[in-house]
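Taken straight from Swiss-Prot:
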DOMAIN    13-228  domain 'ABC transporter'
BINDING   Gly45, Pro46, Asn47, Gly48, Ser49, Gly50, Lys51, Ser52  ATP binding site
Amino acid sequence: MLNFRSPETMPLVSLANAGVRRNGRWLVRGVDFSISRGEIVTLIGPNGSGKSTTAKTAIGVLKPDEGHVERLAGLKVGYVPQKLAVDWTLPLTVERLMTLTGPLKGREIEESLAATGMLHMAKAEVQHLSGGEFQRALLARAIARKPDLLVLDEPVQGVDFSGEIALYELIKQIRNRTGCGILLISHDLHIVMAETDTVVCLNGHVCCRGTPQVVSQSPEYLKLFGRRAAGALAVYSHHHDHTHLPDGRVLHADGSITESCFPGDGHHHHEEADNIHDHDPDCGCGHHARLQGYDGTEKRDA
């Protein structure tokens with residue numbers, strides 16, 4: 001059996017204090033993480049927090065304005081975009097979708113469609129696919145060239161709960177079979193893929209990081225959603241030592257206010273990845289915490 005998480009494995013991508021600046025404003029700053037073969041890293045955060053910018057910086061689409069990024073020589077990246085502009089008035093089959101980014105052999109198309117459960121839909125028109133089927137088709141296209149790193153930008157958007165579980169199970173199967181690293185982007189601040197090794201919470205900088213708390217620990221969640229969900233989904237709890245104010249400034253635990261927040265300012269010290277975090281009910285991410293209990297309701301502090 002492959003040991004995907006061997007400490008000797010050289011990272012596919014590593015970011016060190018990386019930041020991107022546009023029009024005099026930092027889109028994201030002070031980002032540190034790495035991804036090795038077989039490892040899953042999930043970036044979470046509200047809209048505009050720098051998740052996609054960070055991912056594009058990691059794979060070389062954007063260059064950092066500070067810090068640095070190292071990538072394995074000859075790194076092959078498979079990418080599933082958050083949105084794909086398709087003219088639905090034009091005929092486009094799943095098979096044709098596979099080759100929009102470059103030519104593929106018939107065998108490569110068949111193998112990747114079969115791996116994502118879409119081989120029987122090869123001749124289907126893309127506009128007739130469900131949300132889950134379309135995401136599977138995009139996954140098939142991304143893995144067809146056997147990438148070292150798979151980047152998935154909001155892969156479960158527009159998919160219902162059961163479809164979300166099925167997609168996470170599929171992503172796990174792809175990782176286990178190929179050994180590729182996975183960088184997953186999600187706007188959901190609390191529910192992440194259970195197989196995630198490291199969760200990085202962004203809001204212009206790294207607010208916190210850690211490992212997900214597996215939902216199978218909660219009998220109430222099991223009762224509500226079943227064991228299949230517990231195997232695919234996990235809960236990530238946050239611990240932030242600061243709050244993002246409406247004007248973009250940052251209020252720190254010591255009462256001071258700064259224009260931004262990143263490790264170099266002397267305030268922010270995010271937790272190590274192996275810590276379990278508690279979530280402040282209004283941590284500044286732009287969302288209230290979904291407090292643990294899993295009774296089917298979302299609990300909010302008054």
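Using the three backbone atoms N, Cα and C, a Cβ is placed for every residue, glycine included.
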TODO: For Ser49 (ATP binding site), list the number of other Cβ atoms lying within 10 Å of its Cβ atom.
DONE: 24
Open item on the list: Given a 10 Å Cβ-Cβ cut-off, pick out the one of the binding-site residues Gly45, Pro46, Gly48 that has the most other Cβ atoms nearby.
Closed with: Gly45
Task: For the domain 'ABC transporter' (13-228), mean pLDDT (0 to 100) - done: 88
Task: Cβ neighbour count (within 10 Å, all chains shown) around Gly50 (ATP binding site) - done: 22
- [ ] If we count other C-beta atoms within 10 Å, could you say which of the binding-site residues Asn47, Ser52 has the fewest?
- [x] Asn47
- [ ] Other than Gly45, Pro46, Asn47, Gly48, Ser49, Gly50, Lys51, Ser52, which residues of the same chain sit close to ATP? List them in sequence order, counting a residue when its Cβ is within 8 Å of the Cβ centroid of the site.
- [x] Thr53, His187, Leu202, Asn203
TODO: Write out the long-range same-chain contacts of Lys51 (ATP binding site), meaning residues 6 or more apart in sequence whose Cβ is under 8 Å from its Cβ.
DONE: Leu43, Ile44, Gly45, Asp153, Ile185, His187, Leu202
